[in-house]
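Enquirer: A single structure is presented below for examination.
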């Protein structure tokens, strides 16, 4: 049915993030990772494969996937058959699944059954539930019912007291004295209800089923008595999961366990025994035999096994046949068995035709000699109630729609007598706990009141337990007839016949009609309605489960089931909802999931009592009828997987009790994803907004984007030819006053109105014939083009209820048109256009991206524009418009060739667009065709899921699913939103920016009240997505405190910054914060908004802020003093741009860079002037009066000069500069102090704190490499120079932003030599203590971003290898922090070879995984395939081999002597040991458990050798949600666009052009050299790696498109003979590698730390991975304080001060090193204590565990610890944080040391999330009133919510010393 290519596509789709949901699940106390359930897979296939029409076809396709090895069983042992059942499967990612044609029938088998009905997922799931706590539970209802019936049963209970007492006394000597509590089955409702949860055999505990799903237990956890195993009847109902001694399993687990139990080969071995007088032989097993099997199978204790076995017995899996007695013991047996209950053997000894009446008559004839007995039937959601029947069995059943009566079985005394007279019957007795309970004359125990019915079909069960002994035997019940008879005999109210292969229901089921309330017939073979007639006789039935059958209709007799409240019909063949269902007026839960329904009947409104409706995975349902709004009691609605329901009707907001919605988020278009992603409350709120009134938008935006000179404006003119043009001056507030002739040139955005005629709308739909379109007839015949579908589609208009609107009948069709507002961007600067166009993008816009068909695709910028649009509007239609086809002369003028090239270009980069079309704006060729495509795309939006088979269309399955929008022509928008937008547009003419308070006042004019805050937030977010305003709902910053009403005003603000390039911004792209007020004049931008606008520009990644340091003032000094030192020779001088001279002490921190994240307190309400009266004024430019020659000279002075290529001369020049540095710093010392009196920050007038004083604008940096870069870099190109490098391969072009953050960090952390827009060359600043020859300052580092290969390339060169290795480690540390904090994913990491000078320039790239593998094997070298030389791993990867750490720190395992274990961590164990005759602590890492973190294996790359020159490297690029960087812009074009405003740049551009030409020549030469080396390389590969290349070719044939996985592996000459399956690296998980990297980081960090209060690392070991540290004999501070508390002792005040002072001293050292180190996990368990060797009473404290520590160069944003006890509020919020977070943690330690308790333990929070919420709300531990005042004040300061108000550790040490002195003085 599916060919090879289709299976490959299906495999990719089902395994994608939007495919089948996989998660960790528990089955029989074992957790399985990344698994799914069989029926989930069938549901997904049925819902997502259009060709699959039935579930049978879906099962067959699942079997095909199973046979192909794409999916496999979790465990081994079962038949390799794919089942639509509760079976666990997983994706077989550990095998090579490329060859799908080879059936893998030997895949690992035996499925493990799902433990619960897990939520099946089609694509992205929207499971929305409203959290609410219910005060009234089933337990409360049952207790009330019991109390009401106590008096009615008082007499009956008193009559039975004597019998009960006798039973109790006789049972005192009984063998049944087990203290094990009765089994408890606990279930909970799933938060995400689906077809499976409704249609499964039971609704089970999701907490047991999945570790990822929260559940709400039915029981109260506080009522469980954990000290005793015997309970009263009421206590039994309150047993909960939290008790470790009580084993609870869900029903599905028990059912599957029973199947394994009855498996002849691996199940229980049965014994042959004789029973009865006739000596009938039966197959049975003993209790101890069963317990032994369970203990071995489940690896649990015997007590737990008894619990599980008892639960199986209560499910009627087996029955007790009792003890076989001899004749001589009859009397004793009779005495011991008095009052016992007849065993369930009756169900096998009586004929199947026996009737309940016959049994009743027999019971009545022996009523005088029989003793009534009670069987406890425990419902899983209600307390136990025992109903005692009289001897005549005359008790009436109390029935209700919501309760079930639990009855007891009264056995015949004649049968009991027979069993006592040697008949051989096996008579069981009741447990003592039951008889003891029954001896109490408690009316409540013997009431006959009904019980609350369970919400699932788990049967009621009593407190019988399986006996763990060898003389009590049990027999399996396998036949349905026997189970029915057993239930009838024991009068149970629950009948479970699941998985019994039933095709006809036995007629004996009528015997259960009087008391049966729950029946489960799921997973059988019922297909005809007449087979269900017998169910209609069960007039007391309340729950019926018929799921997983083949039913298509129900018998009309079902209407008799008047008490039915729950009906499960999921996973059947229903095409319509049976009419009989609508007659069940008491129905509360209805599930029709995974059927073939095509519509929802309007009769659904008749089910007034319905509370839960599941219609999921009926993919033909296209709307929700408005009659559903009549279900006022509805609480849960599930339409998940209904692929044609694309909107949620507004009437759902009127359902008062609705608390849960389940739907497919990628299909639902209204509400939009921005609303649905926020949860249930926001969805209902938006639907309420719609319900109050809706409108359709009057127009649709059509935005024309594209690079410069691609014909954007010409295309707009061609589209609007012969139509009236409507101009819009967007920046009237800012632009200069110009004449009318200048308007068209300077208007930044020209908005033109275009009206297109739509096909006439008729009563039955929309006519889409192309003949009705307003197309020009004079155009040339269109060539074959790539476009969207033009198939005939008929969308319907919807009203607010989601139903089709009735069009008035007319004789002629209605004529319609659509109004498009074309946005033509005419920004005055290319930089402004590239960076600020994103302000105007709208999710409700149509996009045209222009591209000149005559230009090279690689420079088209299509990636940038498509990614930029996708970021703001991921589902908007995008057309690539190839212009200038009239001038295309290649390929004989056939434009099909370049259009196909565009198609391939987009496909290779995974750029998803709607279509590609070629046009000519001059001849108007295909312009009408483009209009037609726009119209058809708008019409087809409501039917965007239809497949298009037109070969000329650029459209595949992936694109058609992802590029899908709502039907904008008919979409209803809340009227209040449109009113607000109109009012804001009027207000924007007066003031373009307002505070949030002012914005709320404006909203009041649009009928937004004070109480409608959430509505205003929804409306504001919607307008922001439309591009009407700019606002960020960001609780982590102050961006939410203001709203920009005019996006063009904000764009002009940025333009003003660019205009100041030569007046206030130097050539380095640096702007002083103090100069900002000279650019943004007060009458243009109020100064109160300056910082906020900078924050917003940084959020868009247009500019970056730089943290305060003295670099800036020194840079200014250097520029001013350059003339004084002008007599220096070129060899001994460095210009201002090359080197930033710094004068710092060795102890001061390095200057740092921080993203604009520091919180600035909100300014008071601002009074803005009327912006319409303010215009831009050009700032004073000092260069305006200079001649062109002077400007050129100044520009040349600013450019870095070439220096000598000799490293020796460079080092000499650096020595000479040292004296200059000292002189320059002394000359202007006073000026520095005056200009930077507050070195740590600036204070605003209102007291707000600013942590930066400079801004860098990357777009102002030169685009091309400096011409003298080669000469600078060649400084370190000698034979004796070393090189260490690392290449990061990224997936998409957004990685450019990653480089910008890296560059900004190194700009002021290091000493830049030269930098440009895509690279930076720097050295580390030299300190006076360093020897320049051996220091890191003698090394050079080049960091570049290759825009062609999307690689971030890092190379460090130097004469001394140790210095290079140390510097390289620092660079990697900072890059790694940026990648993690900003969650930037790179697809692969490479290590460049440096075996020779030639290889250093054009290196072979080793995949890092290969080096990891080689080093893991103990090898020290690898071979370079280019030069065939051996390369030392230590030289190319010092971070992996830790060669940067001193060699005397490396320890061999033989040198270590292990002693006892002293600590255990998550993935490490700490041992006490001996090293060099000294006692040490050995922290040994255990990576065997890393498979629990990440089971992702590594696969091979297709390419062996990857060189940076290989621009044709195939990389699969994916779209990204991060901000994008614009493509490289030619500065010459910039000059043309700036026009008269930037005339002073002309001469500068000439110099740039010259540099670019020279750079291009150098690049051409390099390319030629690269091509020659590539040819040599290819020849070597063909000779030496021929076999491996053949394997790669075979892999390429099996794959359609190359892909980049997370950590790929490439073979080399060392492993060329190894097959892919034998590659040992494939067995290493990425989680393990990450852990190993953290081990290396910790070793590297600790090796450089030396302080008396830092735990000293004495060495490290690779085999095994271990760190040897000094031994701290007392242990952790946490355990020390705990022991003090337990012993009732207090911590001596002097000792307390000594401990906290030691900790503060160690942390002060970390924060003051260069660069500072943030611990990030400071807590009492990570503080180790040791006693003094000579004075045991003296204790020293030391800081340890640096696995999470990071160098603080800029703030962090990632949360690395899950326990919130010691975490600061900014970390919990996910905000950026710095060393101040350690201060907060230290405050908690201060409190902990004084109170000897863990923080927040006093509040007894049960959930970490609750604790986090309270911490964020300001909760802190209570401080004892007797605490020292200064100490208490210090605690409060340290844990202040504002990080800026927390003291530093230097200040803390000073305070602690003052406390110590005050204590001494007080004595």
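Glycine is treated like the rest: Cβ placed from N, Cα and C.
Annotated ATP binding site per Swiss-Prot: 1462, 1463, 1464, 1465, 1466, 1467, 1468, 1469, 1470, 1483, in sequence order, evidence recorded as sequence analysis. Residues or ranges marked as domain 'COR' in Swiss-Prot (evidence: sequence analysis): 974-1111. What Swiss-Prot lists as domain 'Protein kinase' is 1456-1864, and the listing cites sequence analysis. Marked as region 'Disordered' by Swiss-Prot: 96-115, 121-225, 763-813, 942-961, 1163-1207, 1509-1546. Marked as repeat 'LRR 2' by Swiss-Prot: 515-536. Summarising the annotation, Swiss-Prot assigns repeat 'LRR 8' to 657-678.
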Enquirer: Per DSSP, how many helix, strand and coil residues does the repeat 'LRR 8' (657-678) have?
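Expert: Looking at the repeat 'LRR 8' (657-678) with DSSP, the answer is 4 helix, 6 strand, 12 coil.
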Enquirer: Across the domain 'COR' (974-1111), what are the DSSP residue counts per state (helix, strand, coil)?
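Expert: Per DSSP, the residues of the domain 'COR' (974-1111) fall into 74 helix, 16 strand, 48 coil.
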Enquirer: Indicate the candidate from 1462, 1464, 1470 with the smallest number of other Cβ atoms within 10 Å of its Cβ, considering only these binding-site residues.
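Expert: Result for the binding-site residues 1462, 1464, 1470: minimum number of other Cβ atoms within 10 Å at 1464.
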Enquirer: Given a separation of at least six residues and a C-beta threshold under 8 Å, show me what packs close to residue 1468 (ATP binding site) in the same chain.
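Expert: Residue 1468 (ATP binding site) has long-range Cβ partners 1483, 1484, 1485, 1486.
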Enquirer: Could you please provide the mean pLDDT value for the domain 'COR' (974-1111)?
Expert: 87
Enquirer: May I have the DSSP-based helix, strand and coil counts for the residues of the repeat 'LRR 2' (515-536)?
Expert: 8 helix, 3 strand, 11 coil
Enquirer: Return one of helix, strand or coil for residue 1468 (ATP binding site), based on DSSP.
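Expert: For residue 1468 (ATP binding site) - judged by DSSP and reduced to three states - the answer is strand.
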Enquirer: Can you see whether DSSP assigns residue 1462 (ATP binding site) to helix, strand or coil?
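Expert: Where residue 1462 (ATP binding site) sits, the three-state DSSP reduction gives strand.
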